[in-house]
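S.K.: Not my notes, these are from Swiss-Prot:
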type     : residues : note
TOPO_DOM : 1-25     : topological domain 'Cytoplasmic'
TRANSMEM : 26-46    : transmembrane segment
TOPO_DOM : 47-75    : topological domain 'Extracellular'
TRANSMEM : 76-96    : transmembrane segment
TOPO_DOM : 97-108   : topological domain 'Cytoplasmic'
TRANSMEM : 109-129  : transmembrane segment
TOPO_DOM : 130-160  : topological domain 'Extracellular'
TRANSMEM : 161-181  : transmembrane segment
TOPO_DOM : 182-185  : topological domain 'Cytoplasmic'
Amino acid sequence: MKAEAVESGEASTIIAAPKRGINRGISIADLILRGVAAIGTFASALTMGTTSETLTIFTQPIMIRAKYNDLPSLTFFVIANSIVCGYLVLSIPLSISHFIRREARITRIILVIFDTAMVELLTAGASAATVVVYLAHKRNANWLAICQQFNNFCERISGSLIGSFASIIMIMLIIITSAVALSRH
């Protein structure tokens, strides 16, 4: 009986059901990834932005302070993470609309363009901060290693880099899921 239905040209509803389920799954994955990436960028910006440590030298009454805004690369890192976090929070309603309306092709294209720009900005900020963190842990000809003295400062800035690089991976996955959703239309 099924062979006759296929031969006579009748369409089967079994084939359409998995496509709808896959599109819904892609929309859910997009929404979850945006939320996780927003939390990661927020935590990275907050951790780096509140990083400060003061060291007192006992031989002289001198206090040395290490703070993120002493270095322009770390300031750029905080600004980049804040911008990307704001973008991700503002893009969540569009992601929810893709969950409700699966045919929203134009907004998906716009989100892919902005997602790509945001992953570039976040990568630039994380890369700039990575150089400073590396030089803080290891020394260079012109830099002294400061992590032996400012242990808490170095732990916090290293941790915020981990959150930022994890968010970069999440945004790349968002771009991939959006491209898959666009190719399915």
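Backbone N, Cα and C atoms are what each Cβ position is placed from, and that goes for glycine too.
Help me see these features in their spatial surroundings.
M.R.: Same-chain neighbours of the transmembrane segment (76-96): 27, 30-31, 34-35, 37-38, 41-42, 44-45, 48-49, 68, 107, 111, 114-115, 118, 121-122, 124-126, 128-129, 160, 164, 167, 171, counting only residues six or more beyond its ends whose CB sits under 8 Å from a CB of the stretch.
Regional average pLDDT for the topological domain 'Cytoplasmic' (97-108) in the model is 79.
Sequence-remote contacts of a segment are chain residues at least 6 beyond its ends whose Cβ falls under 8 Å from one of its Cβ atoms, and for the transmembrane segment (161-181) they are 23, 26-27, 29-30, 33-34, 36-37, 40-41, 43-44, 47, 77, 81, 84, 88, 98, 108, 111-112, 115-116, 118-119, 122-123, 125-126, 129-130, 133.
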S.K.: Determine how many residues of the topological domain 'Cytoplasmic' (97-108) DSSP places in helix, in strand and in coil.
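M.R.: Tallying H, G and I as helix, E and B as strand, the rest coil: 8 helix, 0 strand, 4 coil.
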